[in-house]
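Undergrad: Okay, handing you the structure first.
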Amino acid sequence: MKEHRHMTEKSPHSAFGDGAKAYDVPAFGLQIHTVEHGSGAPIVFLHGNPTSSYLWRHIFRRLHGHGRLLAVDLIGYGQSSKPDIEYTLENQQRYVDAWFDALDLRNVTLVLQDYGAAFGLNWASRNPDRVRAVAFFEPVLRNIDSVDLSPEFVTRRAKLRQPGEGEIFVQQENRFLTELFPWFFLTPLAPEDLRQYQTPFPTPHSRKAILAGPRNLPVDGEPASTVAFLEQAVNWLNTSDTPKLLLTFKPGFLLTDAILKWSQVTIRNLEIEAAGAGIHFVQEEQPETIARLLDAWLTRIAGN
């Protein structure tokens, strides 16, 4: 089969559960790390900045039996290649598209967070006949008003967007991973889990994608390129009958009250479920609740 050509087998972390396997999928001469379990209709888990497929491990293993589970490391993250490219959303999307095509995935259920939502929804809007359903939370979904974000984050993001200053803070001094990332949890991450997220980025060069994350985040209409990129999915969200599930968390971070209200009005065939306390990397904070809600939703839509 097409998906078995030129793939490098690896061993996944044990937290993905018994029977999981890992391999690299080639894309434009680079490698996209993938963890897989099971068979049947694919369920694809896409993370965001600065994490990896590891973020999904607790949910992934709790959904064994629902289909062919596939958790990806986006280009520039985790165990995937970290090329010296411009990490625009369009460039990153090319690798996401290539991964879907390399595995020839159809009848796909997408489970998305952070920039994973931006890429997954963009792909869905251009491949509607290949999409079965979409679940998402804490998404990069549309422009965010700075008044809805913490003043500390707005100030830090503005500094990271300054040429030179962002490179020093994120790439040279590694302070995004050591200072900012740990701040996004109600309960501190266990040291071993923090190491799992930090280890894939040992050098300044390897952290280029991480810097692009805050620089690409759309706040007060900037950058306009991100706003335009996200708009590509709006018509599909507004018109598609594809089942959609949005999970909410308190206090949350990217899913502001304004964006939640926009979603309620704009997104067709949308269910919304409250999933408890969490900031942004909610797969670490509410894995059991997320898995339970996804399990019930997947069972429900399978009967439709």
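Including glycine, each Cβ sits where the backbone N, Cα and C put it.
Pulled these from Swiss-Prot:
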- Asp114: active site, nucleophile (ACT_SITE)
- Glu138: active site, proton donor (ACT_SITE)
- His280: active site, proton acceptor (ACT_SITE)
- 42-154: domain 'AB hydrolase-1' (DOMAIN)
Undergrad: With an 8 Å cut-off on Cβ-Cβ distance and a minimum sequence separation of at least 6, pull the same-chain contacts of the residue listed as 'active site, proton acceptor', or say none.
TA: Asp114, Glu138, Phe184, Gly252, Phe253, Leu254
Undergrad: Looking only at the domain 'AB hydrolase-1' (42-154), what is the mean pLDDT?
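TA: A mean pLDDT of 98 is what the predicted model shows over the domain 'AB hydrolase-1' (42-154).
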Undergrad: Validating a neighbour-count step here. Other CB atoms within 10 A of the CB of the residue listed as 'active site, nucleophile': how many?
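TA: Within a 10 Å radius of the Cβ of the residue listed as 'active site, nucleophile' lie 26 other Cβ atoms.
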Undergrad: Taking DSSP states H, G and I as helix and E and B as strand, how many residues of the domain 'AB hydrolase-1' (42-154) are helix, strand and coil?
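TA: Split by secondary structure, the domain 'AB hydrolase-1' (42-154) comes out as 46 helix, 27 strand, 40 coil.
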Undergrad: What three-state secondary structure does DSSP assign to the residue listed as 'active site, proton acceptor'?
TA: coil
